[in-house]
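What TrEMBL says about this one:
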- B:421: active site, proton acceptor (ACT_SITE)
- B:138, B:177: FAD binding site (BINDING)
- B:17-132: domain 'Acyl-coenzyme A oxidase N-terminal' (DOMAIN)
- B:274-436: domain 'Acyl-CoA oxidase C-alpha1' (DOMAIN)
- B:474-651: domain 'Acyl-CoA oxidase C-terminal' (DOMAIN)
């Protein structure tokens with residue numbers, strides 16, 4: 001198609017913005033220099049003919065896998081050619097090459113290599129690291145089994161030490177013990193780090209990691225005793241060969257157990273590791289990445305839905321006038337703007353966790369783990385909180401695009417199916433919420449027994465001191481000013497305190513009635529999840545509000561303040577019951593909140609397109625016909641559809657095979 | 001053999017599953033007939049869905065055409081007819097995986113909108129499949145708002161023809177099923193022009209492909225619109241018309257006709273037509289919305305008693321995940337919703353049956369109410385059930401994400417129902433408009449239709465519940481729902497009124513209140529659903545065992561609605577903070593009660609393994625074996641060219657050049 005000019009609606013929207021999107025982009029990237037570097041890397045990838053290919057929507061799964069392997073191989077070479085080594089820059093490069101999708105080497109680069117670095121002995125590093133670095137060895141990380149996921153202790157794969165041959169014998173003793181889901185396992189990898197229950201001297205020593213060769217170097221055929229393959233089609237992740245692995249009396253040398261921490265000596269003597277808290281570090285890192293990913297995925301969906309809503313015209317608002325942009329309808333604004341505000345909120349939360357992790361990882365390396373438990377509890381909850389909301393938000397964005405959102409050309413179905421597994425992996429969300437709850441209850445118990453707690457839960461300290469009637473669950477009185485983010489943070493704090501206290505008291509009541517701790521915990525778990533959600537919600541609101549004074553440009557600060565207020569007030573209007581029941585807000589205030597939300601929609605409306613432009617997604621990266629920067633939606637939908645596989649021939653072969661013979665018979 | 005974890009669940013059922021199945025089917029005779037149809041279809045290998053998760057879009061389309069053609073033969077063999085009682089079960093047994101669904105819409109629109117002469121000409125041809133029809137209404141630029149359609153049909157007196165055009169890109173017909181590759185004809189909706197004057201949207205029969213070689217007719221550009229989230233088997237299409245001429249007789253002219261001299265004539269009442277459109281919204285609820293939700297519940301709940309994870313008591317076996325309160329809280333309300341909306345659907349069907357009989361007698365009084373109920377419930381039920389299926393999907397953890405679980409396909413299919421046959425937000429606003437009118441009328445003491453008479457009898461007061469068991473009384477919770485509906489409807493009406501009195505323009509006022517209007521419409525529908533469920537339970541007195549469990553589900557449906565929307569009930573103090581704690585306690589207690597019957601309750605939906613097509617949800621519960629067997633059949637397990645082409649050079653260290 002000839003060069004098209006920008007859609008007039010979008011041009012008008014951009015001209016009417018009250019701030020410069022680039023300045024906001026700098027804030028999101030962490031400074032103008034980071035933005036410049038990101039765009040430099042973006043240009044490296046998108047201008048490289050090696051990384052161009054047909055629209056993936058028209059390829060079969062096998063073809064998509066093949067494209068992904070091709071690009072991954074090139075990617076590894078080019079990263080080294082360009083000398084890109086900064087972890088964040090590698091992530092950018094990877095995301096541009098694969099357009100935000102997973103790829104077959106993800107586990108090799110993200111789990112296999114790092115695990116070697118942190119858990120292998122120097123001897124093992126010599127044997128495995130350089131070959132893996134040079135991709136003679138491609139590895140994956142095989143933890144999840146068909147029958148067990150988040151509950152690691154339940155894993156059934158066994159590694160039994162045989163001192164006679166100084167080997168471990170690996171077995172998948174049941175169907176449920178077959179390793180299932182690891183990325184890159186099905187077809188790509190020739191090695192796997194396998195997590196198995198270690199048996200030595202007749203005793204089970206719990207889960208340990210073993211380096212297991214699975215395919216023959218040279219032929220890539222599975223080794224004898226190994227059954228390996230792809231687990232079949234999924235909702236998304238078409239590029240990824242998630243695999244299964246079954247081991248039958250498969251022997252590996254003793255030296256293949258990762259022995260930096262725990263060891264099995266030649267005679268079978270087991271040597272315990274010093275601390276197991278170290279693994280927290282990796283989990284915190286990956287979960288904080290998911291928080292950032294929640295922000296990014298929701299930002300993409302918002303970009304598409306808001307641009308499209310500015311281009312699409314429908315029905316009439318004023319009799320006799322042209323059809324309005326659908327973004328002018330209050331109901332459409334009500335669907336999309338709170339999500340836009342959420343995307344910004346989550347972005348700042350993701351940045352906060354990343355910074356905090358980096359700040360304390362220094363002390364972690366020096367063995368000071370004191371800050372880890374809270375950060376661990378916080379990231380578990382925030383991972384669940386943000387991924388649940390982003391998951392639902394992406395779907396709302398798609399739904400807001402009506403029928404065209406349902407087409408793969410909108411790009412939103414792909415964002416959704418790529419994102420939704422993050423509610424499950426790296427810890428199933430409900431389980432994560434309950435982990436956070438455990439920390440909250442523990443903190444509450446500490447406060448009840450007169451101890452002070454610190455960090456994000458310090459609001460619990462206020463509970464006992466201000467309590468007038470200790471037998472009653474009631475909120476601390478707060479005077480809430482609904483135009484003031486700081487005052488609203490206090491309201492969220494009071495709600496969290498109220499729900500944490502209620503859950504803790506319900507738990508205690510169950511314990512008073514029953515004997516088993518587990519049973520009481522289970523019977524309180526719905527309350528506990530609610531408490532965790534309220535705690536996380538408070539943290540998000542607090543971090544968003546804390547960001548505002550840091551913004552130096554007045555115009556940008558103004559628009560971020562609008563978004564922060566919208567996020568905060570919308571959250572109240574969706575959870576009015578909590579604020580009413582706890583006595584934090586009156587019904588009259590709730591009515592004001594609801595009204596103010598609608599006023600904010602109108603305030604944000606002129607900046608909506610500029611606010612998604614600030615996310616600065618390149619069209620190729622966004623992969624959406626509806627969300628194109630130039631807004632030429634309809635022409636390009638037609639161009640896209642013509643390439644559909646069903647359109648390969650003018651008359652489909654089904655006509656000759658089925659329709660014609662039928663008509664002949666009639 | 002049946003997995004013992006599943007078998008033990010069936011031994012403790014508190015009611016007779018077979019009797020509940022019969023209740024759902026509308027009688028044991030219906031159950032028998034449905035099973036016979038399902039058996040006949042599913043035992044025929046042509047209709048197999050065994051490999052569908054592995055097939056490409058092209059293969060799925062071809063299979064759908066093959067099945068549609070074979071179905072003609074099958075129906076003849078079995079003695080089934082399009083108007084016979086078996087017909088509705090056929091589509092269900094096929095799980096919708098069959099082509100020519102729009103052909104039926106094509107025929108129906110000719111029957112409804114065509115003159116007797118047109119019916120006599122086209123229906124026999126269509127019945128014999130001598131042509132394949134489609135229905136082209138939606139355009140690239142316009143969907144629910146029909147007046148905005150841009151396709152034109154200009155009458156040319158000289159040749160007595162209409163000249164059809166899609167004058168710009170956004171006017172292109174987009175989405176119609178069967179049109180991308182199969183259809184030879186379609187009903188095109190276009191703006192009619194005579195002598196330069198526009199007469200609005202009218203339907204025209206247009207031939208788009210040759211009956212000989214299936215090539216496109218002159219002036220026609222048509223094709224498939226490309227991959228979607230689901231409906232791979234359907235060739236949703238696009239259609240460009242460039243000076244396509246059709247004879248004057250091809251305008252469907254039951255209600256409007258263009259005479260040879262260009263005179264435009266209206267005849268008869270459009271109201272029946274209007275009623276038909278309204279009926280379509282109701283007719284999709286059963287097959288497109290309830291069945292997918294019931295399937296999703298079956299899969300997720302069966303899987304949740306097979307999957308064991310972590311320990312509830314030290315030293316014991318790992319617990320079934322359905323024994324966790326959080327898992328119950330995810331799944332059991334969805335199960336209750338499936339039953340609730342099943343009975344809502346019965347209520348609507350009954351109401352529409354009555355409406356139809358009235359309309360036959362030329363009494364159109366019920367029309368506004370039927371329209372409001374069909375719009376509101378279409379929106380509320382599709383939205384609720386779509387969310388419910390997604391919850392089921394995510395409640396199955398990683399394995400739910402595999403296509404082999406069956407859940408992703410159920411989800412991507414049901415969610416389309418939120419958009420087609422009217423976008424949900426727009427439909428809710430239509431219901432809200434009706435409610436506003438009725439509220440005004442009721443306030444002025446005028447009569448209102450039966451479903452909204454409660455608006456006239458507004459009772460102030462507080463919820464009388466004293467303890468948590470009071471919230472198991474249908475009167476208590478139905479009142480609460482009614483109270484919220486009245487409050488939201490009346491406060492929105494008051495606000496509209498205020499804004500108008502303050503001098504705001506009417507259209508502005510409406511737009512400023514739309515968020516509230518949507519909430520009011522939802523509250524109205526939710527109230528009716530709760531009330532109807534409670535009334536249904538009451539009528540089951542002859543079936544004690546079933547009545548007991550249905551009562552639990554009704555309570556759960558109602559209390560879950562309050563629990564997830566506490567603010568609406570607390571807002572004006574109708575339910576107090578202390579009472580809300582009772583609601584929560586009662587609600588959580590119910591989960592444990594219904595948990596015991598969860599498996600019998602999904603067994604009662606009576607889906608065969610073939611129709612579930614799920615490795616997780618089969619009747620025998622052999623989840624893991626099946627998952628492993630099915631995965632091995634995946635085409636990705638054939639040697640991929642990726643190894644030879646890319647992996648081999650990579651592994652053989654071509655990187656050393658760096």
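From the backbone N, Cα and C atoms, a Cβ is placed for every residue, glycine too.
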Exercise. How many Å lie between the Cα of residue B:138 (FAD binding site) and the Cα of residue B:421 (active site, proton acceptor)?
Worked result: 10
For this session: Express the predicted model's confidence over the domain 'Acyl-CoA oxidase C-terminal' (B:474-651) as a mean pLDDT, rounded to an integer.
Result: 94
Exercise. What kind of secondary structure is residue B:138 (FAD binding site) part of, going by DSSP in three states?
Worked result: coil
Problem set entry | Cβ-Cβ neighbours of the residue listed as 'active site, proton acceptor' (radius 10 Å) | 20
Problem set entry | Neighbour tally for residue B:177 (FAD binding site), based on other Cβ positions within 10 Å of its Cβ | 22
Seminar exercise, completed: Checked against DSSP, the composition of the domain 'Acyl-coenzyme A oxidase N-terminal' (B:17-132) is 85 helix, 0 strand, 31 coil
Seminar exercise, completed: Cα-Cα, the residue listed as 'active site, proton acceptor' versus residue B:177 (FAD binding site), nearest Å, comes out at 13
Problem set entry | Number of other Cβ atoms within 10 Å of the Cβ of residue B:138 (FAD binding site) across all protein chains | 20
